[in-house]
Amino acid sequence: MTAKKATPKTPAKKSNLNAALAKPPKSIAKPKDTFNPKRDLAPERVAEILKRLAATYPNAECALHHRNAWELLVATILSAQCTDVRVNMVTPELFRQFPTPKAMTEASQPVLEELIRSTGFYRNKAKSILGAAKKITNDFDGKVPRTLAELTTVPGAARKTANVVLGVAYGLAEGIVVDTHVLRISRRLHLTKATEPKNVEQDLVKIIPQDHWIAYSHEIIHHGRQICIARKPKCADCTLETVCTSGDKTWSSGKTWPEQ
């Protein structure tokens with residue numbers, strides 16, 4: 001008698017359970033991106049946002065390397081349309097040759113341009129740095145001003161740059177630094193509907209306590225670089241997800257603060 005051939009068993013399909021558990025569920029319906037001042041600007045909600053940011057980024061600080069207010073001012077001017085990493089590669093040699101505003105006034109434009117060329121827009125930046133050095137040397141006894149009104153008279157020190165220097169170098173909160181990350185995320189969180197940095201700052205200083213002004217910018221900048229990026233924000237990893245009602249959300253837990 002001929003033995004029947006055993007029918008080969010179809011290999012069992014691997015379970016996708018572990019993979020499913022490892023990933024957050026797919027996005028559910030996005031919230032309507034509508035601004036509700038009573039809800040969005042409520043002190044309790046703002047306080048919750050600040051608390052979560054502080055807990056998530058306890059060591060957030062300025063990424064530009066500097067030893068004093070002058071170095072920070074120059075580094076901030078160089079950071080326009082340039083990464084902090086690149087600026088930090090350029091400034092050591094720059095400050096070795098020209099460590100003070102007085103020393104910088106003696107630099108020639110071509111020499112300065114060559115030193116900062118890799119940061120981009122080097123001609124305009126060199127002009128601003130030389131102008132700042134002369135202004136600070138001649139009008140402020142070689143010391144970077146400690147008030148917003150005075151600092152914004154220095155070439156290259158527009159309001160954002162001035163707020164960076166005052167907050168980081170001197171610990172003075174005269175305003176809130178509004179860069180591209182702060183503008184984008186503050187709008188996504190419905191803390192403002194403004195589109196111009198100056199107007200965004202005006203809205204933020206009304207609802208954020210002054211003792212949080214400096215930290216808020218540092219924390220939001222870190223958040224914008226790591227999580228709340230311009231395209232396809234990483235909402236599944238976001239500490240603010242349940243307090244955010246942005247139409248840009250790529251994922252939702254289905255929970256909302258404070259009902260969560």
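Yeah, the Cβs are placed from backbone N, Cα and C, and that goes for glycine too.
Keep in mind that what you see is a predicted model, and the values were worked out from it rather than measured.
Per TrEMBL, these features apply:
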type     : residues                       : note
BINDING  : Cys228, Cys235, Cys238, Cys244 : [4Fe-4S] cluster binding site
COMPBIAS : 1-23                           : compositional bias 'Low complexity'
COMPBIAS : 30-40                          : compositional bias 'Basic and acidic residues'
DOMAIN   : 78-226                         : domain 'HhH-GPD'
REGION   : 1-40                           : region 'Disordered'
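Sequence-distant contacts of Cys244 ([4Fe-4S] cluster binding site), defined as residues of its own chain at least six apart whose C-beta falls under 8 angstroms from its C-beta, comprise Arg188, Leu189, Cys235, Cys238.
Mapped onto DSSP helix, strand and coil, the domain 'HhH-GPD' (78-226) counts 101 helix, 0 strand, 48 coil. Note: the [4Fe-4S] cluster site is recorded as Cys228, Cys235, Cys238, Cys244; in the same chain, Arg188, Ile227, Pro233, Lys234, Leu240, Glu241, Ser246, Lys249 also have Cβ atoms within 8 Å of that site's Cβ centroid.
Of all Cβ atoms in the shown protein chains, 21 besides its own fall within 10 Å of the Cβ of Cys235 ([4Fe-4S] cluster binding site). Ranking the binding-site residues Cys228, Cys238 by how many Cβ atoms sit within 10 Å of each one's Cβ puts Cys228 at the top.
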